[in-house]
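Data first, discussion second: the structure below is written as structure tokens.
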Amino acid sequence: MMQVLTAAEMGAVDKRTEEEFGIPLEELMERAGDAVARFCLREYPEAKHVTVICGKGNNGGDGLVAARLIALAGCEVTVLLLAAEGDIKGLPAKMLDDLRGAATGDDDGPAVLIEFCAGEEELFEQSAALEGAELLIDAVVGTGFKAPLRGVAAVAQERVSRLTAPVVAVDLPSGWDADSVEQNAEGAFRADAVVTFTAPKMAHVFGHLASSRVSGDAFGPVVVAEIGSPDEAIQSAGRVSWAGESKAIAEAWRDINGNKGKFGHVLLVGGSYGTFGAPSMSSLAALRTGAGLVTAGVPKMIANEVGRVTPELMVRALAEGDAGEASMANLEEEKLATLIKGISVLAVGPGLSTRGEASEFARALVAKTTMPVVIDADALNAFAGKTELLKSAAAGGRTVVLTPHPGEMGRLAGMTVKEVEADRIGLARKFATEHGVTLVLKGWRTLIAHPDGSIAVNTTGNPSMAKGGSGDILTGIVAAMIAQFPQDVARAVEAAVYLHGLAGDFAAHAMDEHTVLATDTVSHLSDAFRYRVRDEDGFTWLAGVHE
């Protein structure tokens, strides 16, 4: 699994890579610079005048490698080193020598101009190199940097902010703290794309660096390049993984010998008087996600409306109470046995309501069944103040998946929304391990916490999805993925969350953030399934939609 690392964890990976696995940092730097060069040449083929702004540290060393390789590819390259020549030491000094060695000055050789800009006046003299660039590469400072930028680096940032040429950041936009979970960094370089190495850092994920939006962000997509760090070193360092890696389970062709029984039977229980839309959308999402069979169990008064969503959907009309809710009568032994016969995954909650017997019904339905269960919406509210029942339901290894938004999470945990948001990772991990459940804590960067304490973060999705019905769609997707991949529930849930957000990204690209409806997300699930997070050149796209 791809890990999301802090600066200290990334430093530990580099240290182990060199000392324990014998891979020199020089080799890693060469590969990092090569990745930047390949990305720039591929994504900006029209850019023939490239300016690389380098600091004196290892991030600058990566930039010097990229400058050499871009020049060798035929571009005119200007390198602005934000330091005096005597301050360039260690590996960056070697990469500078290599760059000079490549720039022979022959007519047929690469065109490289190297300028040292230790102060503001020297940088000002290079205005033409900045203003005439068709592509800028930011290699000033990287993962180990702590904000804010100072001196000539701050001046360079201000100058670049006024230019229109695209900017590619090496590892991080200079000025960002790799460990920051803030959604923007004032005084940082802008970036139209970020090429990072080995693994994303906290800022890539929780800041606005990895953008899924069509427009309106100061930053573009983040791609991750593998540069040879051993997987053992990476996995042992991280505490949070990336949900997008789990999509791989859904990228293979379906079993050619499969049948509808092989891909699971989802029972979606929900709905009440006036809320037939929620179970309808959830059921449709489960079908579109690939479940072999889907049955909606809804109160009799809305059964016909729900059945009209698509002819592939089966409907069970449930006995209803005086408030139009599913009643306890449905849990009589024979009725319940009929309802759950052949069911591989239960989902309960969309449109259920809290009227009449609805909450008692939800708790009892979960208690009286044994198959994997996804609990959402008002079924979650039914367990507020009674979370010991969730722990009981998960006893013995049963899969119990909760999908709360921050308000529902607050009710479950007895906290305010502000308290929930203050430490989402810590709260999600604690609740999941204490109750033995898988917790999908929705919101900006949805978290998936597992009973074993592992946690993944999702990087897809956009504000167009902040509309009624999105949660119902997610419930159907999660249930259908578990039905198809019961042997790996953790990856199935992570992939479901990723696919849901990605389908929303495709919908926003096709339409716009204002007009997308929850059902439009369902319409773009096929795009999400076809999408590959790792492109043909080996770059992993952390967020957004690439061609």
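Positions of Cβ are set from backbone N, Cα and C atoms, glycine also.
According to TrEMBL, the domain 'YjeF N-terminal' annotation covers 10-235. Note on the domain 'YjeF N-terminal' (10-235): mean pLDDT across this stretch is 92.
The (6S)-NADPHX binding site annotation in TrEMBL covers 58-62, 142-148, ASP171, ALA278, GLY351, HIS405, ASP472. Neighbour count (other Cβ atoms within 10 Å of the Cβ, all protein chains): 24 for ASN58 ((6S)-NADPHX binding site).
Annotation source TrEMBL lists K(+) binding site at ASN59, ASP138, SER174. DSSP assigns SER174 (K(+) binding site) to coil, not to a helix or a strand. The Cβ of SER174 (K(+) binding site) lies under 8 Å from the Cβ of GLY55, ASN59, ASP138, ALA139, VAL140, VAL141, GLY142, PHE145, LEU149, ALA153, GLN157, ALA188, PHE189, each of which sits 6+ residues away along the same chain.
Residues or ranges marked as domain 'YjeF C-terminal' in TrEMBL: 243-532.
Taken from TrEMBL, the feature AMP binding site applies to LYS442, GLY443, TRP444, ARG445, THR446, GLY471. Annotation for GLY443 (AMP binding site): spatial neighbours HIS405, PRO406, GLU421, ARG424, criterion Cβ-Cβ under 8 Å with sequence separation of six or more. Secondary structure at GLY443 (AMP binding site), as computed by DSSP, is coil.
The DSSP secondary structure for LYS146 ((6S)-NADPHX binding site) is coil. Here AMP is bound by LYS442, GLY443, TRP444, ARG445, THR446, GLY471 per the record. The longest Cα to Cα distance in that group is 15 Å. Cβ proximity to the K(+) site centre (mean Cβ of ASN59, ASP138, SER174, cutoff 8 Å) flags the following additional same-chain residues: ILE53, GLY55, GLY60, GLY63, ALA139, VAL140, VAL141, GLY142, ALA169, VAL170, ASP171, LEU172, PRO173, PHE189. In the three-state DSSP scheme, ASN59 (K(+) binding site) is classed as helix. For the pair formed by ARG445 (AMP binding site) and LYS146 ((6S)-NADPHX binding site), distance between Cα atoms is given as 23 Å, rounded to the nearest Å.
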